[in-house]
């Protein structure tokens with residue numbers, strides 16, 4: 001019955017209806033919004049493919065990466081977009097899986113036809129996707145903090161301009177730890193790549209400061225209880241450097257507390273362990289007085305700049321670094337600023353290259369490589385940074401915070417020089 | 001009706017499938033072209049699994065280790081020893097064959113649920129080894145094979161495996177060889193013994209067949225095919241990482257085979273393709289796509305209990321091998 005009516009409706013299309021339709025279409029075409037899109041390609045939106053961890057182990061990070069990206073996108077578009085063109089973000093879930101990650105990069109390139117791909121966090125997804133990005137000559141801006149891009153083992157199309165890499169972060173901690181916390185250090189780390197990075201970069205860095213790693217205790221990734229490892233910690237240990245990650249971190253801290261009681265060595269850790277976890281959670285009391293690396297402070301600091309406040313308001317986090325209106329929804333503050341800053345770097349590079357479309361991707365790569373520094377301000381609220389175009393990696397300031405009353409208070413901010421190291425290669429020698 | 005009754009139809013069907021896949025190289029839009037190349041490699045993985053699960057009735061929960069043996073066998077030799085693509089591929093297959101032989105000898109002492117657990121445990125050991133030897137494997141992060149290394153030079157002929165058409169053809173060549181090999185195995189005396197073992201091992205043994213030797217051969221063949229898929233994955237897509245050794249990649253081939261139809265030669269391709277597009281399409285609409293995938297799987301189990309091609313064979317095309 002319904003089909004019949006529809007058919008009869010179509011058949012009854014007469015001259016008047018047709019004219020009305022034409023008039024309406026013409027009206028639409030004349031509307032200001034439409035004209036911009038329908039004229040030349042130059043005013044069509046710039047499409048950015050966002051490879052997001054919506055599911056899988058990276059989901060907590062992925063959600064906040066999306067929020068931060070949306071907030072930056074809104075501001076960029078309100079200020080006229082990139083090269084006067086609006087920017088559109090197309091998001092695909094990579095399941096925090098390297099195989100799916102590579103597929104998603106292919107999808108962005110050939111189905112969504114995005115101009116670039118952006119936003120990946122987990123190292124294995126970056127490394128799994130990088131070959132595809134290189135083959136498709138798709139500029140790939142990651143926000144991962146891994147050392148993979150800077151190692152120059154990826155390819156000319158991979159960049160990390162919005163967040164420092166783990167090697168830089170780790171070595172910049174050494175001078176302060178040696179001077180303020182202790183020189184005899186025991187490292188406890190997960191026995192996979194993330195832990196190995198800390199082991200391999202921190203050990204020589206602290207030695208250069210006159211300190212020493214007196215024990216390295218790798219914890220197998222399948223472990224869910226840690227008590228049996230603690231007797232391996234030498235008695236003369238002054239600092240325990242810990243970077244456990246994942247759900248087991250709460251058990252780790254609790255058991256460490258039970259092992260030491262009130263008479264413990266100093267503790268130093270990376271906030272990666274507790275991203276998206278409330279520091280005041282029950283069981284974490286043992287961390288009171290211990291120190292953490294933070295990329296960008298989770299808690300609003302008394303001396304925060306206007307740019308930091310504006311950034312936090314735009315993303316929607318309160319003074320404790322949790323979602324406005326939901327104090328339990330703690331953000332991944334130490335990393336997610338990288339999405340914001342990377343988008344502004346992309347804007348700067350595209351405008352520098354006079355980017356018009358995918359045919360200008362080579363120019364965009366060269367324009368990004370030509371960048372040297374980013375000034376602190378609304379576009380780079382975490383702080384000023386330098387950029388090494390040969391290794392496609394930025395360098396910036398790091399924060400060291402102490403846990404006080406269940407909150408993190410910044411006690412030291414490293415200089416950019418603290419995190420510099422000798423480049424391991426040069427991407428610019430590769431063909432475009 | 002046994003598959004042997006219509007050999008001509010069977011060969012024609014398989015030739016037609018290969019011909020269609022060949023033709024699709026020139027017809028598919030860019031994205032789906034890339035997808036199909038990847039799906040063919042993964043379908044080879046599923047075909048390897050099908051030899052053991054579908055035809056021999058041995059449910060392994062550890063096949064990720066065979067895929068990864070190929071992946072690392074190829075990846076490590078190319079990356080650290082500077083081997084060429086062909087030598088790397090051969091190293092991948094050899095790694096898979098050796099591993100399958102050792103695992104087969106040990107795991108085949110068990111049957112049923114114990115076999116599942118033992119294979120899963122061995123796969124877990126393999127996974128942890130990829131993390132333990134992180135100095136070479138880069139553990140969970142993995143490593144890439146340099147773009148310029150992924151080419152084959154045969155005299156004046158140069159094949160660049162990063163070129164989409166070359167990659168597609170390489171994947172198709174592997175897929176075709178494995179498909180025809182599977183068909184040959186299934187139709188051979190050995191294949192029939194495997195089916196007999198699946199149906200009733202005691203009776204097969206009573207008839208005088210060495211069931212252990214036949215099962216071991218099946219494990220090795222299955223391992224070699226899965227390793228070939230892993231090696232091809234490393235060389236064609238340029239990434240090697242321990243994610244492929246996790247239990248998830250032991251479950252996936254089981255799922256693909258069950259979906260497409262266990263003990264059907266073409267089922268693994270159908271299952272892998274189906275699963276890829278269900279995930280690809282639904283994830284475009286909702287982050288809860290795994291829920292939709294779950295519902296789709298339940299519906300399939302309800303209405304196609306023997307998988308897509310298994311049910312097609314049962315109801316309509318009886319001669320499907």
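A Cβ is built for glycine as well, from the same backbone N, Cα and C atoms used for every other residue.
Where the annotation comes from TrEMBL, it is an automatic prediction and has not been curated.
Long-range contacts of the transmembrane segment (B:12-29) within the same chain: residues 36, 40, 165, 168-169, 172, 175-176, 179-180, 183, 265-266, 269, 320, each at least 6 residues beyond the stretch ends and with a Cβ under 8 Å from a Cβ of the stretch. Here TrEMBL flags B:12-29 (among others) as transmembrane segment.
Under the heading transmembrane segment, TrEMBL lists B:35-52 (among others).
A Cβ distance under 8 Å defines the sequence-distant neighbours of the transmembrane segment (B:89-108), meaning residues of its chain 6+ beyond its ends; these are 60, 62, 65-66, 69-75, 77, 83, 115, 118-119, 122, 126, 212, 215-216, 219-220, 222-224, 226-228, 230-232, 234-235. TrEMBL lists B:89-108 (among others) with the feature transmembrane segment.
Within the same chain, residues 58-65, 68-69, 72, 99, 103, 106-108, 140, 242, 245-247, 250 sit at least 6 positions outside the transmembrane segment (B:115-134) and bring their C-beta atoms closer than 8 Å to a C-beta of that stretch. The transmembrane segment annotation in TrEMBL covers B:115-134 (among others).
Annotation source TrEMBL lists transmembrane segment at B:168-195 (among others).
Residues or ranges marked as transmembrane segment in TrEMBL: B:216-239 (among others). Under 8 Å from some Cβ of the transmembrane segment (B:216-239) lie the Cβ atoms of residues 37-38, 41-42, 44-45, 47-49, 51-52, 55-56, 58, 60, 63, 66-75, 78, 85, 88-89, 91-93, 95-97, 99-101, 103-105, 107-108, 142-145, 147, 150, 161-162, 167, 170-171, 174, 178, 181-182, 185, 190, 194, 253, all in the same chain and six or more residues away from its ends.
Residues or ranges marked as transmembrane segment in TrEMBL: B:251-279 (among others).
The annotation transmembrane segment is assigned in TrEMBL to B:286-304 (among others).
When the stretches B:35-52, B:251-279, B:286-304 are ranked by Cβ pairs under 8 Å to the transmembrane segment (B:168-195), first place goes to B:35-52.
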